[in-house]
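**Student:** Take this structure, written in structure tokens, and hold onto it; I'll ask about it next.
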């Protein structure tokens, strides 16, 4: 549970702004905004989604800074509520909608701050996914960097040894690597994984549309990645119930439950949300399915650049690293703005934890 995850982190005073009031768009305005989102998705050639804890609350996993989030309740001296475990949590409508958007070629890359493993367990291809803060179900060999996707949480946090050894052999007949396996969960001051951050940065810079779902964008550098899309002339859509750090940069802001927004989006695009049939790991994306017929998305009078008084696409933005003293200190270490792209994919082995 995110409660146990949060409790396992080192003490850290500045967790950002917690418990901000939620905003709900009226039904007609919500429908109009989702219509605009569908038009943007269909007309864009390189769409990148960025997800946060808000997309998993419908599965019973609490978020962190929402009205009943883990850290919000902690600030109030109250115990957070939870309804499930990481192992028993099921992917939400949003998780499964993202799977289908990738299958038909409308989603090029997915960047996630979540550690709950639901993207991988939903069947989203790992070669199109960057998990910037780790995955509770994944451990990695410290020697050869092979990753193992388990069917239960690995049991440690903070890049610590899990007590298991790597079983991969470099070639037939050779002995196993036997390197020490470690969890992939970051603590506050740990550096983000180089490969995942490089891929996320490259995808964000190449995107002509970045869409954030269920994140307040307060954690750096993860929360600043969507701004790379804006600096390159792309558009930014923010879907969140609470105000976010980068609202002023958004071309379109949608205040509604993420599952409702994604369900309406899929309907406008003429796509079905697939049912989840149990956890399975997909290492590489399959050939894309045929796109559905072009939806009826004729232009409306009000463009997304004017909704909520947002700034037009292409306007000058401040650099990601520029912050004033009023913003929370960075819980994640800053990285160069242009890390080396096109790193080779990690070797991955999926198996159950030995009994």
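Including glycine, each Cβ sits where the backbone N, Cα and C put it.
Got these off Swiss-Prot a minute ago, pasting:
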type	residues	note
MOD_RES	2	N-acetylserine
MOD_RES	10	phosphoserine
DOMAIN	27-272	domain 'Deacetylase sirtuin-type'
MOD_RES	33	N6-acetyllysine
BINDING	53, 57, 64, 65, 71, 113, 133, 214, 216, 240, 242, 258	NAD(+) binding site
ACT_SITE	133	active site, proton acceptor
BINDING	141, 144, 166, 177	Zn(2+) binding site
CROSSLNK	170	ubiquitin cross-link
REGION	284-355	region 'Disordered'
COMPBIAS	287-296	compositional bias 'Pro residues'
MOD_RES	294	phosphothreonine
MOD_RES	303	phosphoserine
MOD_RES	330	phosphoserine
**Student:** Taking the Cβ of residue 133 (NAD(+) binding site) as the centre, how many other Cβ atoms fall within a 10 Å radius?
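**Tutor:** That number is 21.
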**Student:** Apart from its near flanks, which chain residues at least 6 from the ends of the compositional bias 'Pro residues' (287-296) lie with a Cβ under 8 angstroms of it?
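**Tutor:** Here the qualifying positions are 38, 42, 103-106, 268-271.
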**Student:** If one measures from the C-alpha of residue 166 (Zn(2+) binding site) to the C-alpha of residue 133 (NAD(+) binding site), what distance in angstrom results, rounded to a whole number?
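**Tutor:** Cα-Cα, rounded: 22 Å.
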**Student:** To the nearest whole angstrom, what is the C-alpha distance linking residue 216 (NAD(+) binding site) and residue 144 (Zn(2+) binding site)?
**Tutor:** 35
**Student:** Quick one, of the binding-site residues 53, 141, 144, 166, 177, which Cβ has the fewest other Cβ within 10 Å?
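**Tutor:** With the binding-site residues 53, 141, 144, 166, 177, fewest surrounding Cβ atoms within 10 Å: 144.
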**Student:** What are the DSSP helix, strand and coil residue counts for the compositional bias 'Pro residues' (287-296)?
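**Tutor:** Across the compositional bias 'Pro residues' (287-296), DSSP assigns the residues as follows: 0 helix, 0 strand, 10 coil.
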**Student:** Name them in sequence order: residues not among 141, 144, 166, 177 whose Cβ is within 8 Å of the mean position of the Cβ atoms defining the Zn(2+) site.
**Tutor:** 142, 143, 145, 146, 165, 167, 168, 176, 178, 179, 181
**Student:** When the Cα-Cα distance from residue 33 (N6-acetyllysine) is computed for each of the recorded positions 53, 133, 170, which gives the smallest value?
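**Tutor:** Checked the recorded positions 53, 133, 170; minimum Cα distance to residue 33 (N6-acetyllysine) goes to 53.
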**Student:** Given the recorded positions 53, 133, 242, 294, state which is nearest to residue 141 (Zn(2+) binding site) when distance is taken between Cα atoms.
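**Tutor:** Nearest by Cα distance to residue 141 (Zn(2+) binding site): 133.
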